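Asks: What Swiss-Prot lists as transit peptide is 1-28, and the listing cites sequence analysis. Residues annotated as (2E)-geranyl diphosphate binding site in Swiss-Prot, with similarity to another entry given as evidence: ARG317, ASP355, ASP359, ARG498, ASP501. Annotation source Swiss-Prot lists Mg(2+) 2 binding site at ASP355, ASP359. For ASP355, ASP359, the entry in Swiss-Prot reads Mg(2+) 1 binding site. Under the heading motif 'DDXXD motif', Swiss-Prot lists 355-359, citing similarity to another entry as support. Among the features that Swiss-Prot reports, Mg(2+) 3 binding site is placed at ASP501, THR505, GLU509, with the record citing similarity to another entry.
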Amino acid sequence: MSIFSTRYLVTPFSSFSPPKAFVSKACSLSTGQPLNYSPNISTNIISSSNGIINPIRRSGNYEPTMWNYEYIQSTHNHHVGEKYMKRFNELKAEMKKHLMMMLHEESQELEKLELIDNLQRLGVSYHFKDEIIQILRSIHDQSSSEATSANSLYYTALKFRILRQHGFYISQDILNDFKDEQGHFKQSLCKDTKGLLQLYEASFLSTKSETSTLLESANTFAMSHLKNYLNGGDEENNWMVKLVRHALEVPLHCMMLRVETRWYIDIYENIPNANPLLIELAKLDFNFVQAMHQQELRNLSRWWKKSMLAEKLPFARDRIVEAFQWITGMIFESQENEFCRIMLTKVTAMATVIDDIYDVYGTLDELEIFTHAIQRMEIKAMDELPHYMKLCYLALFNTSSEIAYQVLKEQGINIMPYLTKSWADLSKSYLQEARWYYSGYTPSLDEYMENAWISVGSLVMVVNAFFLVTNPITKEVLEYLFSNKYPDIIRWPATIIRLTDDLATSSNEMKRGDVPKSIQCYMKENGASEEEARKHINLMIKETWKMINTAQHDNSLFCEKFMGCAVNIARTGQTIYQHGDGHGIQNYKIQNRISKLFFEPITISMP
């Protein structure tokens, strides 16, 4: 149902006769006693022996969290400390000096671009933002004096990608030099693996406003020959094989930044002529950021335990670490963003629990009441709610109030109505899907997506992020953000998450009982096979990235920091769903990725 979704498990069997033990346990819900949860039972309204009508619930069969309270509290990174910080500051100063020297060198554009690319992929470019922008501006404003490099596919595609990533206009027409008289890419490029890889990565920076299909043909051409390269085998250049395979799985433009950093640190060490000081800088920075994240996770796990949501609502997923992963995907850097990450993780954890209330536990009547209460967002609305919903509702109210208090204190603006609207829109989308389920209705793909981009859950995360990272918050930008339709920079990233979620989880969810997803909607509407539907959804993802690229340039009212959060959540979603349901169900690849991000420091040898 959402980025936190698994399936609907509420099934209204009319002839089901439950065991007596299940009846007695369900009765506690109507009497207001603590919830005594019974797994693996279907929802049906029945009468107990005392005449009270009680809904029999069904479990999501969720596995316990992999990362419990005791484990999180025990985490510690031993590769941080005074001597590590001293070395890091030395390397950082040296890199700043090197970048400023490069700025004043008119030549060596390729070297400049390669260094900037490596700084980004190694996760340390945020330390050198000003220097990088100055260098790129100089490259953009003057033509290169390196004629041989300028004529290479590798250089041209790298330049195109790096400049576009940083908001500099550069026409795709510069790639026309690599086409023959028939308008096809030259066959002489087929063996230029480095150039093809850069061309492939550059092709994902296309926008919807570009009418030419040049970048699309570049993508097709590069992908085909990169696949041929992998099939041919290249035992001498194992690092290049890994780079190509990695890019074909998830392009760099669509990859969660922090995951890319951890992966690329290991790869970069094996690339010929790798800069050993840059490797050391990246490892030190990764460990410092990881230690900061560990401290935040310890604080969050204490909050989560004190909330008692996992204990009192055992049907819901206990996923505080996974929630934190979403947020570090949005904004990982700098201790000044700690409050933002803490609060957005709370928002994500709340959205997970609320999603499970709609997906797994609540009856349709209860969900109607719950939706109305969320639209009101006031304490007295709790009186209308079933007992098991009260704790969740109050936790939601407190979380929103904490964020609203901070913004009111700092900027004098009451944002509670805006936060309420985002939660109300989310709950209404959940309710719509519940109604579809109970009526057996399969919407068209367009109708499904109009609701599903909201029900995926990222809306509340991005709206809360806006208020936490934007200063000052102007009346103009508020009106734009909360107009009749949310801006594209919120809608399109949510669409990416919804579609990648559906691709990763749809088959299992439909087997276990759920509302139709985008795949099933397309299949029914077009009489298509599942394979054809999946191909269409992948095409939709590709086109949606063009919409995101366009929105990045069109939404000038928003600050750079917020724009980064909005785009990064799309990258995070695509990465989290790369190997399955990265939020709800963890296989080895997903567990290993989270462990490397938060719990396994990189070993560094210090004198």
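Just so it is clear, glycine is given a Cβ too, placed from its N, Cα and C backbone atoms.
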Asks: For the motif 'DDXXD motif' (355-359), how many residues does DSSP put in helix, in strand and in coil?
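Replies: Helix/strand/coil tally for the motif 'DDXXD motif' (355-359): 5 helix, 0 strand, 0 coil.
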Asks: Please give me the CB contact count at 10 A for ASP501 ((2E)-geranyl diphosphate binding site), counting all chains in the structure.
Replies: 28
Asks: Across the motif 'DDXXD motif' (355-359), what does the pLDDT come to on average, as a whole number?
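Replies: PLDDT averaged over the stretch: 93.
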Asks: The record lists ARG317, ASP355, ASP359, ARG498, ASP501 as binding (2E)-geranyl diphosphate. What's the largest Cα to Cα distance among them, in Å, rounded to a whole number?
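Replies: For the residues that bind (2E)-geranyl diphosphate, the greatest Cα distance is 19 Å.
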Asks: Quick one: Cα separation, ARG498 ((2E)-geranyl diphosphate binding site) versus THR505 (Mg(2+) 3 binding site), in Å?
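Replies: On Cα coordinates alone, these residues lie 10 Å apart.
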Asks: Tell me the Cα distance separating THR505 (Mg(2+) 3 binding site) from ARG317 ((2E)-geranyl diphosphate binding site), rounded to the nearest angstrom.
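Replies: Cα of ARG317 ((2E)-geranyl diphosphate binding site) to Cα of THR505 (Mg(2+) 3 binding site) measures 16 Å after rounding.
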Asks: Can you tell me how many other Cβ atoms are located within 10 Å of the Cβ belonging to THR505 (Mg(2+) 3 binding site)?
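Replies: THR505 (Mg(2+) 3 binding site): 22 neighbouring Cβ atoms within 10 Å.
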Asks: Run through the Cβ atoms and count how many others sit within 10 Å of the one on ASP355 ((2E)-geranyl diphosphate binding site).
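Replies: ASP355 ((2E)-geranyl diphosphate binding site) is surrounded by 26 other Cβ atoms within 10 Å.
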Asks: At the Cα level, what's the spacing in Å between THR505 (Mg(2+) 3 binding site) and ASP359 ((2E)-geranyl diphosphate binding site), rounded?
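Replies: For THR505 (Mg(2+) 3 binding site) versus ASP359 ((2E)-geranyl diphosphate binding site), the Cα atoms are 14 Å apart.
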